[in-house]
Amino acid sequence: MGSTSDPSPSIITVAAEAPVTAERKQNLHLQEQLAKPYVARALAAVDPAHPNGTEGHEHHNMSVLQQRAAFFDRNNDGIVYPWETYQGFRAVGFGVLTSILGGFLINLGLSYRSQPSWIPSPVLSIHIKNIHRCKHGSDTESYDTEGRFEPSKFDAIFSKYALTQPDALTSEEISTMLQVNRNLLDFIGWVASIAEWRLLYQIGKDEDGLLHKETIRGAFDGSLFERLEKDRASRTKIV
């Protein structure tokens, strides 16, 4: 007869016949660190260090995914055009060529799914109210299919892949995560995830080549982009 102190098989997170479950760990104490981490948050990208989301960041009653997309809505009309995506890329520090490609490819890929009708947009507009339809596969699942933020999925990025530092990812760790997250035959999702994470790494890594948890969290709700734009504007004024 087993000891009463032995954990129930129903909550054990490692299976001996599946070594990968030991390699990619879960945070067994997340519920002690953050209230109801299993509940997807509609308005705030939360973690144990930010239980109320990003301080000073306005949600405007948008989902977390909508908040991210709204940064690129430069005239706040609820629609993102390719030239606005370009402007958003430039605002956070990307070069002209990357911004042109981003403006075209992102809007090309997301426009139709976000349209309010079956008629395509000739100018590749993206409607923010329908941005949840544009969620691709092979991702971290930190957004759910309605655009809410999943705290437990976000935390798993670091419990599973942050082996060098607990709250940051190296370039190699990002590559591992991207490979692991690939869904079978989901070529579009593979490419989209690689592009998103490599672009984020380019603008968000520190001098040691680490992409920190706070930087990544800010990318999910768009607050990182707002901060980068303000920092660039401040430097321009000084010059």
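Any Cβ shown, glycine's included, is placed from N, Cα and C.
Swiss-Prot lists Gly2 with the feature N-acetylglycine.
In the predicted model, residues of the domain 'EF-hand' (60-95) average a pLDDT of 99. For 60-95, the entry in Swiss-Prot reads domain 'EF-hand', with the evidence type sequence analysis.
In the three-state DSSP classification, Asn75 (Ca(2+) binding site) falls within coil. Residues or ranges marked as Ca(2+) binding site in Swiss-Prot (evidence: sequence analysis): Asp73, Asn75, Asp77, Glu84.
With DSSP states grouped into helix (H, G, I), strand (E, B) and coil, the motif 'Proline-knot' (116-125) comes out at 0 helix, 0 strand, 10 coil. If you look up Swiss-Prot, you'll see 116-125 marked as motif 'Proline-knot', on the strength of a curator's inference.
Counting same-chain residues at least six beyond the ends of the domain 'EF-hand' (60-95), those with a Cβ under 8 angstroms from any Cβ of the stretch are 41-45, 102-104, 106-107, 123-129, 131-132, 135, 143, 146-149, 199, 202-203, 219-222, 225-226, 228-229, 232.
Sequence-distant contacts of the motif 'Proline-knot' (116-125), counting only residues of its own chain at least 6 positions beyond either end whose CB sits under 8 Å from a CB of the stretch, comprise 79-82, 104, 107-108. Burial estimate for the binding-site residues (Asp73, Asp77): highest at Asp73, by number of other CB atoms within 10 Å. Neighbour density at the Cβ, taken as the number of other Cβ atoms within 10 Å, is lowest among the binding-site residues Asn75, Glu84 for Asn75. Those residues of the chain, other than Asp73, Asn75, Asp77, Glu84, with a C-beta within 8 angstroms of the mean position of the Ca(2+) site C-beta atoms are Phe72, Arg74, Asn76, Gly78, Ile79, Val80, Tyr81.
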